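Colleague: Found this in Swiss-Prot, in case it helps:
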type    : residues                                   : note
BINDING : Asn32, Leu34, Gly59, Glu80, Asp105, Asn130 : S-adenosyl-L-methionine binding site
Amino acid sequence: MANELPEIANPTRTRAIMETYGLTFKKSLGQNFLTDINILKNIVAAAEVSEEDNVIEIGPGIGALTEQLAKRANKVMALEIDDRLLPVLADTLSPYENVEVVHQDILKADLKALIAEHFEPGHKLKLVANLPYYITTPILMHLLDSGIEFETIVVMMQKEVAERLAANPGTKAYGSLSVAVQYEMDSEIAFIVPKTVFVPQPNVDSAIIVLNKKKVKPKEPQDEKHFKKLVKGSFMHRRKSLWNNLQSLYGKDPETKEKMLQALEVADIKQSIRAEKLTVADFINLSDALVKMGIN
């Protein structure tokens, strides 16, 4: 039975698992194992996981978070890139019949196909993960661009990156990543995780960020690809005005500049403003105005 052994995140059991399988941490995969059961339980609580939910986990490691998810979810599909960990997970998660471990790289995986293969329809879809710091942003953007409708995404990441995701317009942390994420989801930091609860200990603290499906989505831009190009380009040089960044993005010839000025006027945005002052809605309005002027 699952209750006969200490939970996987118990520091003594974590060490025993590492020793049994001769595991060392792969720096190239950004591996840090969490050894505080209360924090794991708080992550699951932040995702509000229930038996109605199918949950995807990225990078289960030795299964500490997976175990907590399995106790509450309908089913868990855990994607693990490190083939050394597959026999470990087969062992540590053997008491839980509602877990499937899939040997996949999240950035190369066909998530829609995996969801269709491993989950029965009729359940809410959530994603919970402790992401490697070095690849957090590419994974998040991959998920948001996938077209998959996640009810909730709860991710542990570097505190500084979490602050950027949840930042409000006009703050130092607000940037293209803030806009890209907040266009799709509502974001908030649930709590901070000190670096001392990891093995090996990272150099910085982490944060748990909760992304929830928007109850009221902003109006969609006429050209989503252009909208994303505009957002990225507007923050190209943070200290420069939006106008300077627009010229770098679209060109400085008189006709283009005139069209850009007209688009700014239509969107009711001042020429001298910096990108960090614009809301998601402002960027959508400006993108639509530029497209209408033939700039994309």
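Glycine residues also receive a Cβ, built from the backbone N, Cα and C atoms like all the rest.
So that I understand the layout, could you describe where these features sit and how close they are to other parts?
Modeller: DSSP assigns Asn32 (S-adenosyl-L-methionine binding site) to coil in the three-state reduction, placing it in neither a helix nor a strand.
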Colleague: If you count Cβ atoms within 10 Å of each one, which of the binding-site residues Glu80, Asp105 comes out on top?
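Modeller: Sorting the candidates by Cβ neighbours within 10 Å, the top entry is Glu80.
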Colleague: Find, for the listed binding-site residues Asn32, Asn130, the residue with the lowest Cβ contact count at a 10 Å cut-off, counting only other Cβ atoms.
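Modeller: Ranked by other Cβ atoms within 10 Å, the binding-site residues Asn32, Asn130 bottom out at Asn32.
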Colleague: 10 Å Cβ neighbour count around Leu34 (S-adenosyl-L-methionine binding site)?
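Modeller: The Cβ of Leu34 (S-adenosyl-L-methionine binding site) has 21 Cβ neighbours within 10 Å.
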Colleague: Over all shown protein chains, what is the count of other CB atoms within 10 A of the CB belonging to Gly59 (S-adenosyl-L-methionine binding site)?
Modeller: 22
